[in-house]
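Colleague: Please find one structure pasted underneath; my questions will follow.
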Amino acid sequence: SGQKVCYGAFKHSCYKLAYFQDLSRRVGFQEARQACEIDGGALLSLESESEQQLIENMLQNLTKSGSGISDGDFWIGLWRSGDGLATSSACPDLYQWADGSTSPFRNWYTDEPSCGSEACVVMYHQPTANPGLGGPYLYQWNDDRCNMKH
């Protein structure tokens, strides 16, 4: 599921969004990562503000297309392996891109990453939620438990 969209300007020239309205079809981080790799790609590394904006636009177009897209966060390829320093102030620096990208770009929501047992990252997509303390969290990043289904 998901349609491949290609552009020329970015390092990642093609993107594929997979959105499952059916909750039973949503998957954990490693399953999402494997699905991308089987498809010849990788779970998305977002390497710049402009790439973040591109993905936001793609999600907005998906919403506008009347496909019934609603609340449901999207896995991105950022994660933290091992649990050594998970609770320390060093924790945010332990996140790495699954495809080996070294991009330092981050778009964390206020007070994220919360670390602890949350080691895999989603892009918030909760259009029906009211803005939280840190403002609107649509498209901001949040660390979540890797076995959550998104």
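Every residue number used here counts from 1 along the chain in the order it is shown.
Positions of Cβ are set from backbone N, Cα and C atoms, glycine also.
Pulled from TrEMBL, these are the listed features:
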- 10-150: domain 'C-type lectin' (DOMAIN)
Colleague: With DSSP as the yardstick, break the domain 'C-type lectin' (10-150) down into helix, strand and coil residue counts.
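Modeller: Across the domain 'C-type lectin' (10-150), the residues distribute as 33 helix, 22 strand, 86 coil.
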Colleague: Could you please provide the mean pLDDT value for the domain 'C-type lectin' (10-150)?
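Modeller: Averaged over the domain 'C-type lectin' (10-150), the predicted model reaches a pLDDT of 86.
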